[in-house]
Ligand SMILES: Nc1ncnc2c1ncn2[C@@H]1O[C@H](COP(=O)(O)OP(=O)(O)O)[C@@H](O)[C@H]1O
Ligand SMILES: CC(=O)OP(=O)(O)O
Ligand SMILES: [Mg+2]
């Protein structure tokens with residue numbers, strides 16, 4: 001009997017690093033175990049669970065050891081130990097920025113890796129975090145194929161005017177255009193929506209990925225036609241620590257009048273703004289919803305105001321709205337946020353059923369809603385596993 005084939009998936013986000021081990025022997029990848037590398041505590045912690053949610057392994061690094069990279073080595077050792085009957089064929093990575101050249105997954109050769117490294121200024125909060133495990137794994141397992149799956153790829157077919165900035169055309173030729181992100185999540189949601197409601201595929205759908213990073217995608221026929229993030233993951237919605245859409249004049253003012261350096265402005269926009277900046281309290285939606293402070297409520301209000309405003313923008317691209325989907329940590333778990341955004345979109349025909357919403361059912365639209373409203377739990381990891389399996393099969397390696 002040949003050994004079953006497996007792929008290790010790493011999903012490095014701005015607030016978490018998730019991973020999953022998938023059996024890719026059959027057409028549909030099957031989860032073997034998954035886990036979280038939690039770096040937010042003072043000591044990085046690794047938790048591995050079975051598909052049923054039982055804890056399989058837990059490890060906390062010593063206080064002196066702040067390098068999360070060691071935990072990737074622990075993940076590989078755990079897999080070797082517990083799933084040694086599988087043949088690990090590849091490590092698949094979520095890479096946030098793919099730049100203009102990548103419309104699909106690619107093998108992470110040294111050359112590709114170096115090119116992706118050069119995109120760091122376009123995603124300074126993410127790109128180094130996504131590429132770090134690539135380096136760790138290639139040091140420990142140099143023979144293992146590594147594959148990059150891009151957040152930008154799903155939006156690659158987006159065309160002007162949606163993809164264009166109103167600046168001189170020569171900059172567009174140099175790649176300064178709107179790329180969009182969270183594509184692995186939008187791709188998963190589009191696929192799941194087609195399973196739940198095939199008749200909605202041709203309809204006008206807006207997907208709201210609301211997590212620590214947040215963006216919207218206008219979907220038609222399963223493809224992205226518009227999105228709220230741009231050249232970088234700073235544009236669009238209010239996020240945990242990012243400003244979202246801002247008058248570019250503010251940036252000039254901060255530099256010219258407040259004498260802030262370019263680095264200070266970058267730090268302000270990526271790390272000190274958004275929910276954290278407005279509340280002065282936290283970037284975590286749970287903390288803000290539980291707080292009685294006025295500034296926390298102000299931050300939540302701005303979040304839902306801007307989200308509804310930009311859903312309307314996406315609906316405008318689509319020429320109307322038939323379907324609204326919530327996903328991401330906030331979209332999946334914060335019923336208050338879904339309800340508030342729904343209220344603000346009442347004029348577009350959105351009505352959320354309070355009972356279904358409180359119970360976080362998959363369908364939360366009320367009977368009199370002209371818009372179908374869903375909550376779909378995203379799964380970027382399985383999307384990456386599928387892409388890796390497809391690439392390995394295309395190459396005849398599987
Ligand atoms: N039960 C909950 N209620 C409200 N917000 C939640 C809940 N669970 C998670 N969140 C929020 O989800 C966000 C993280 O989203 P997630 O998609 O997991 O992050 P990332 O962007 O790093 O992938 C945080 O702001 C967190 O507060
Ligand atoms: C692109 C992006 O914003 O990702 P995250 O939600 O992980 O921050
Ligand atoms: Mg995420």
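Glycine too: its Cβ is placed from the backbone N, Cα and C atoms.
The number of other Cβ atoms within 10 Å of the Cβ belonging to residue 11 (Mg(2+) binding site), over all protein chains shown, comes to 23. Under the heading Mg(2+) binding site, TrEMBL lists 11, 380.
The ATP binding site annotation in TrEMBL covers 18, 209, 210, 211, 212, 213, 284, 285, 286, 329, 330, 331, 332, 333. Sequence-distant contacts of residue 330 (ATP binding site), defined by Cβ-Cβ distance under 8 angstroms and a gap of at least six in the same chain, are 210, 211, 214, 285, 337.
Among the features that TrEMBL reports, substrate binding site is placed at 94. Taken residue by residue with DSSP, residue 94 (substrate binding site) is part of a strand. Cβ neighbour count for residue 94 (substrate binding site): 26 (other Cβ atoms within 10 Å of its Cβ, all protein chains included).
Around residue 151 (active site, proton donor/acceptor), the same-chain residues at least 6 positions away in sequence with a Cβ under 8 Å from its Cβ are 94, 95, 96, 97, 98, 181, 182, 183, 184. TrEMBL lists 151 with the feature active site, proton donor/acceptor.
Sequence annotations record features per position, and here TrEMBL assigns site 'Transition state stabilizer' to 182 (among others). For residue 182 (site 'Transition state stabilizer'), other Cβ atoms within 10 Å of its Cβ number 31. DSSP classifies residue 182 (site 'Transition state stabilizer') as coil under the three-state reduction.
The site 'Transition state stabilizer' annotation in TrEMBL covers 242 (among others). Within the same chain, the residues at least 6 positions away from residue 242 (site 'Transition state stabilizer') whose Cβ sits under 8 Å from its Cβ are 125, 213, 233, 234, 269, 270, 273, 274, listed in sequence order.
There are 21 other CB atoms within 10 A of the CB of residue 212 (ATP binding site), with all protein chains counted.
Close to ligand 2, meaning a Cβ under 6 Å from one of its atoms, are these of the binding-site residues 210, 212, 286, 332: 212. Taking every protein chain shown into account, 284, 332, 380 are the binding-site residues, and of these the Cβ with the most other Cβ atoms within 10 Å belongs to 380. In this structure, of the binding-site residues 18, 286, the smallest number of CB atoms within 10 A of the CB marks 286.
The recorded positions near ligand 1, defined by a Cβ under 6 Å from one of its atoms, do not include any of 11, 18, 151, 210, 242, 380.
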